[in-house]
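> Here it is, the structure, as structure tokens.
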């Protein structure tokens, strides 16, 4: 069995992801509860404030990935991570709806610049046969962070205070300092990419013409709209449904992360034998039906069982999306493709907005209507994913036929 050798900068990114995700999970998941219960903001407006982060990220995502192709991963990562630290610190000074709206929008902008660059750099410094493992190490780091973040946030009273945002700001500042140290100590050659710079117009044209990528992206957007309800619609629903709803939600977050850690590698090992699109389709199915089943019970134990199936669906999707993009991406445009994948965050806009509107209209007593609509919306991505699978299969057959023709 070959040992996975990880570049020191890769370790820096993975560990930085771990600690930053702990701090983010102490704050962002509780933002919707903080706004509704402390600031008195309506569920519908809260959904808009929470989702503006993703909306801003969507606007910038394509350009964020392109910037790392144009200027190099290092300068883009360092600049954006320090900006991100400033943004999180700014949350503690927010006293109005407009302030929360603007700051959370900037949060989305920073994420849309930093994340594509960091994922592209992980791909750059990893051998092809190790990339799936590297992407999943990063995903594991995210979920280890999510295990501890909500518990610490609950202990700090994150639903009632903005202090965790200051901690997140400090964490991102330290992450930035560690990246400066790593980039100086361990040389990463970026000359090859810079010699073949692609204009933004060309990059946009290439991704826009990639039918497989666009259809897959559409299906993933609807899948993620379903996943987004876990951190936006559900906490509002639980908090309004029961007196200790915040505590129940915190433990469901922890359960979600623990299940990810338990099932991630068995699922990845099982599904790596199949095309990534298969995992994404199955993941959508599990998330869709999990949302539907939330309406059938008010028992936290049953909710926990539903969360387990929901989480398996999450793993099936998120463990393979980066790998699929890495396979589809054109040479020299890897950062651009990872950036364009940021458009899947449109699901993080659709989800909170739709969930907030449904909660405002039906109330918690109309859960059967709320979750049925969420089920239909999420499951609408399944036909698109099957179409993408068909096109991928056709493309692979064409490449095989072309190879055979050249060999004759």
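Cβ atoms are placed via backbone N, Cα and C, with glycine included.
Remember, it's a predicted structure, so these values are computed and weren't measured experimentally.
Just lifted these from TrEMBL, have a look:
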DOMAIN    1-396  domain 'Major facilitator superfamily (MFS) profile'
TRANSMEM  12-35  transmembrane segment
TRANSMEM  41-63  transmembrane segment
TRANSMEM  75-92  transmembrane segment
TRANSMEM  162-183  transmembrane segment
TRANSMEM  212-228  transmembrane segment
TRANSMEM  248-268  transmembrane segment
TRANSMEM  280-296  transmembrane segment
TRANSMEM  302-325  transmembrane segment
TRANSMEM  346-362  transmembrane segment
TRANSMEM  368-388  transmembrane segment
> Could you tell me the mean pLDDT over the domain 'Major facilitator superfamily (MFS) profile' (1-396), as a whole number?
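A mean pLDDT of 84 is what the model gives the domain 'Major facilitator superfamily (MFS) profile' (1-396).
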> Take the transmembrane segment (75-92) and find every residue of the same chain, 6 or more past its ends, with a Cβ under 8 Å from one of its Cβ atoms.
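Apart from its flanks, the transmembrane segment (75-92) reaches 23, 27, 64, 67-68, 100, 103, 106-107, 110-111, 113-114, 117-118, 121, 162-163, 165-166, 168-173, 175-176, 179-180, 183.
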> Do any residues, 6 or more residues outside the transmembrane segment (41-63), come within under 8 Å Cβ-to-Cβ of it, and if so which ones?
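Distant contacts of the transmembrane segment (41-63): 31-32, 35, 97, 100-101, 104-109, 111-113, 116, 200, 203-204, 207, 228, 232-233, 236, 336, 339-343, 345-357, 359-360.
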> Report yes or no: does the transmembrane segment (302-325) come within contact of the transmembrane segment (212-228), defined as 3 or more CB pairs under 8 Å with a sequence separation of 6 or more?
yes
> Can you tell me which parts of the same chain pack against the transmembrane segment (162-183), counting only residues 6+ beyond its ends and a CB-CB cutoff under 8 A?
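Apart from its flanks, the transmembrane segment (162-183) reaches 8-9, 12, 16, 19-20, 22-24, 26-27, 30, 34, 74, 77-78, 81-82, 84-92, 94, 152-153, 156.
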> Cβ pairs under 8 Å with the transmembrane segment (346-362): which stretch of 12-35, 212-228, 280-296 has the most?
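Most Cβ pairs under 8 Å with the transmembrane segment (346-362) come from 212-228.
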> Restricting to CB pairs under 8 Å, which listed stretch, 12-35, 212-228, 280-296, is in contact most with the transmembrane segment (248-268)?
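Looking only at 12-35, 212-228, 280-296, the most contacts with the transmembrane segment (248-268) come from 12-35.
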> I need to check the long-range neighbours of the transmembrane segment (280-296): which residues 6 or more away from its ends have a CB within less than 8 Å of a CB in the stretch?
216, 219-220, 222-223, 226-227, 229, 234, 302-303, 306-307, 309-310, 312-318, 320-321, 324, 367-368, 370-372, 374-375, 378-379, 381-382, 385-386, 389
> Residue list, the transmembrane segment (12-35) vs rest of chain: Cβ under 8 Å, 6 or more residues beyond ends.
6, 41, 45-47, 49-50, 88, 91, 100, 104, 118, 121-122, 137-138, 141-142, 144-146, 148-150, 152-153, 156, 158-160, 162, 164-165, 167-168, 170-172, 174-175, 178-179, 182, 231-232, 235-236, 239, 246, 249, 253, 352
